[in-house]
Amino acid sequence: MALFVRLLALALALALGPAATLAGPAKSPYQLVLQHSRLRRQQHGPNVCAVQKVIGTNRKYFTNCKQWYQRKICGKSTVISYECCPGYEKVPGERSCPAALPLANLYETLGVVGSTTTQLYTDRTEKLRPEMEGPGRFTIFAPSNEAWASLPAEVLDSLVSNVNIELLNALRYHMVDRRVLTDELKHGMALTSMYQNSKFQIHHYPNGIVTVNCARLLKADHHATNGVVHLIDKVISTVTNNIQQIIEIEDTFETLRAAVAASGLNTLLESDGQFTLLAPTNEAKEKIPTETLNRILGDPEALRDLLNNHILKSAMCAEAIVAGLSMETLEATTLEVGCSGDMLTINGKAIISNKDVLATNGVIHFIDELLIPDSAKTLSELAAGSDVSTAIDLFGQAGLGTHLSGNERLTLLAPLNSVFEEGAPPIDAHTRNLLRNHIIKDQLASKYLYHGQTLDTLGGKKLRVFVYRNSLCIENSCIAAHDKRGRYGTLFTMDRMLTPPSGTVMDVLKGDNRFSMLVAAIQFRRLTETLNREGAYTVFAPTNEAFQALPPGELNKLLGNAKELADILKYHVGEEILVSGGIGTLVRLKSLQGDKLEVSSKNNAVSVNKEPVAESDIMATNGVVYAITSVLQPPANRPQERGDELADSALEIFKQASAFSRASQRSVRLAPVYQRLLERMKH
């Protein structure tokens with residue numbers, strides 16, 4: 001129980017972040033991760049820390065909950081080991097690490113933390129060892145033995161060939177003339193070294209990793225009588241150039257150098273700050289079409305967006321990445337910076353050829369691919385390699401490709417590839433015009449669309465916007481993914497081909513032979529004007545077969561009661577436009593009759609009052625029509641006596657329906673119920 005309470009307290013502290021804790025001063029991310037490691041070792045006794053070691057390497061990490069349970073660092077499996085926490089040691093015959101390390105001077109503490117090579121090089125200088133053993137309050141960021149061994153031979157030779165100048169200066173650059181613990185190491189701060197007051201950069205990341213000039217702290221906060229020792233994984237060197245100066249002197253940045261100058265971003269890259277530049281090399285330009293590169297280089301706004309997409313808002317050293325991390329660029333896009341083994345990745349791709357090139361105002365990683373943001377792309381480039389490639393091919397075949405690669409302000413409504421699983425339509429005049437109505441004559445953003453808004457298309461149609469609780473639709477087609485906003489155009493990914501409206505609801509019903517009996521009934525009850533005027537209706541239209549399927553007694557009863565017929569017709573008309581993509585699981589739609597219809601959708605099959613819909617989303621200028629194969633009954637239907645006047649009128653409307661049916665279906669015999677009804681009404 002005690003362990004659970006402590007874990008809960010730690011979880012709350014991690015959730016609150018470094019800015020606040022439940023009690024006492026805020027803990028740094030490093031301290032929180034160290035505390036997590038202490039809690040994980042309860043069964044091993046006090047002062048034991050759990051450490052994750054990457055299999056096959058000497059790399060060890062104090063880790064947070066996520067990494068603990070995943071048992072991976074940069075995609076590589078780890079094993080858990082248990083070591084004495086910083087400042088403690090084992091006692092022979094005792095479990096855990098009960099004894100505090102005795103304090104020694106800085107020089108001796110170097111040996112305790114495993115930096116004996118630093119001790120050795122300190123011995124070679126005339127002045128440094130006496131300082132480390134004498135009175136004072138210094139901090140040294142001491143390279144590990146492996147860090148010294150990994151230095152290029154020519155660099156190491158230059159240091160040891162002049163120990164009292166080069167080597168001494170290098171060691172002093174790792175030192176600060178005061179005591180500095182990790183709780184003082186703030187992200188982005190600069191510490192002044194003991195070498196000519198040169199500065200080095202500190203970065204303290206939310207995952208608890210602390211770096212000094214991108215060298216990771218391996219063991220931190222080892223106290224000495226005259227200071228503090230931190231063990232780091234690299235030998236650090238002075239940094240004198242800002243990001244812009246490095247771009248100017250590196251041969252591999254010729255194209256980048258010209259682009260920065262043309263965009264005016266050189267001022268930013270010279271300024272104070274802590275940026276990460278993902279710097280494209282000359283080779284990166286070879287991986288995109290020359291036409292695309294020239295277009296962007298010739299467009300100041302697109303060029304600036306492109307470069308801003310390569311600049312992260314904060315400095316990110318490679319050693320701080322142990323898993324995928326979303327980072328924001330100056331373009332306000334997000335890139336996933338991750339790792340795979342020793343390789344740094346961007347959006348899952350290992351495109352970084354050189355990492356952790358330090359500048360006074362940040363860090364540079366060389367990349368061999370351009371990261372082109374959506375805001376610098378044409379419509380066709382936005383769609384390249386996406387789930388709408390079939391639609392893009394159709395636009396090209398229809399001769400509309402110039403609209404997708406030009407500088408018109410447009411919005412493309414592109415159906416998903418899955419829409420064409422049964423085959424794409426042939427390119428004819430009808431398809432060409434239909435595709436033109438999938439291009440809006442304005443560059444839109446879905447977040448600014450509103451219910452009832454009308455949009456003008458290249459094909460001359462006006463399309464309506466419908467906003468529902470869980471969907472945003474344009475006519476019968478709903479947006480299936482976040483829109484992509486390009487340089488001039490925006491791409492909306494749609495869940496089906498769009499059908500522009502043609503005619504009123506009444507026009508739609510009259511134009512479809514399936515609804516001749518319904519049309520006759522509507523005309524008799526004088527509802528034609530309602531369904532012809534401006535409005536917003538959802539009509540569940542019973543087909544002729546639906547009326548014919550009624551029992552003879554039911555049909556007679558319906559025709560013998562004017563009010564009941566009117567109520568039933570109005571019950572089939574909803575008071576708003578509801579396309580199938582806006583239904584969700586269940587929608588209760590108020591009808592013109594007053595009662596509500598229960599409209600539901602499951603696995604793309606629509607039903608109303610649990611009756612299946614035969615065809616959905618027949619669009620009209622004032623509504624939408626659904627074909628249904630049953631006649632819906634209001635929940636409180638009260639039959640009334642039929643009058644003689646109704647009988648004559650009923651005969652007339654069904655004569656009209658019969659004539660219409662004969663004209664359109666001369667070779668098809670009417671259903672027996674329908675025939676008997678017509679015969680009866682002649683007498």
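Positions of Cβ are set from backbone N, Cα and C atoms, glycine also.
The annotation disulfide bond is assigned in Swiss-Prot to C49-C85, C74-C339, C84-C97, C214-C317, C473-C478. Swiss-Prot lists C65 with the feature S-cysteinyl cysteine, giving similarity to another entry as the kind of evidence. Per Swiss-Prot, the feature domain 'FAS1 2' maps to 240-371; the stated evidence is sequence analysis. For 375-498, the entry in Swiss-Prot reads domain 'FAS1 3'. Annotation comment: Swiss-Prot describes 502-632 as domain 'FAS1 4'.
Residue counts for the domain 'FAS1 4' (502-632) under DSSP (helix as H, G, I; strand as E, B; rest coil) come to 49 helix, 41 strand, 41 coil.
Ranking the disulfide-bonded residues C49, C97, C214 by Cα distance from C74 (disulfide bond) puts C214 first. Rounded to the nearest whole angstrom, the C-alpha distance between C339 (disulfide bond) and C317 (disulfide bond) is 12.
Of the listed recorded positions, namely C49, C65, C97, C317, the sparsest CB environment within 10 A is found at C65. Ranked by Cα separation from C317 (disulfide bond), the disulfide-bonded residues C49, C84, C97 are led by C49. Across the domain 'FAS1 2' (240-371), DSSP classifies residues as 51 helix, 39 strand, 42 coil.
For the domain 'FAS1 3' (375-498), the DSSP-based tally of helix, strand and coil residues reads 36 helix, 32 strand, 56 coil. Counting only residues at least six positions away in the same chain, the Cβ atoms of L34, S37, R38, N47, V48, C49, C97 sit under 8 Å from the Cβ of C85 (disulfide bond).
Around the Cβ of C473 (disulfide bond), the same chain contributes V465, F466, V467, I479, V579, G581, G582, each under 8 angstroms and 6 or more positions distant in sequence.
Highest local Cβ density among the disulfide-bonded residues C74, C214 belongs to C214, counted as other Cβ atoms within 10 Å over all protein chains shown.
Mean pLDDT across the domain 'FAS1 4' (502-632) comes to 94 in this model. Considering other CB atoms within 10 Å as the measure, the emptiest surroundings among the disulfide-bonded residues C84, C339, C478 are those of C84.
If you measure from the Cα atom of C478 (disulfide bond) to that of the residue listed as 'S-cysteinyl cysteine', you get 40 Å. The DSSP secondary structure for C97 (disulfide bond) is coil.
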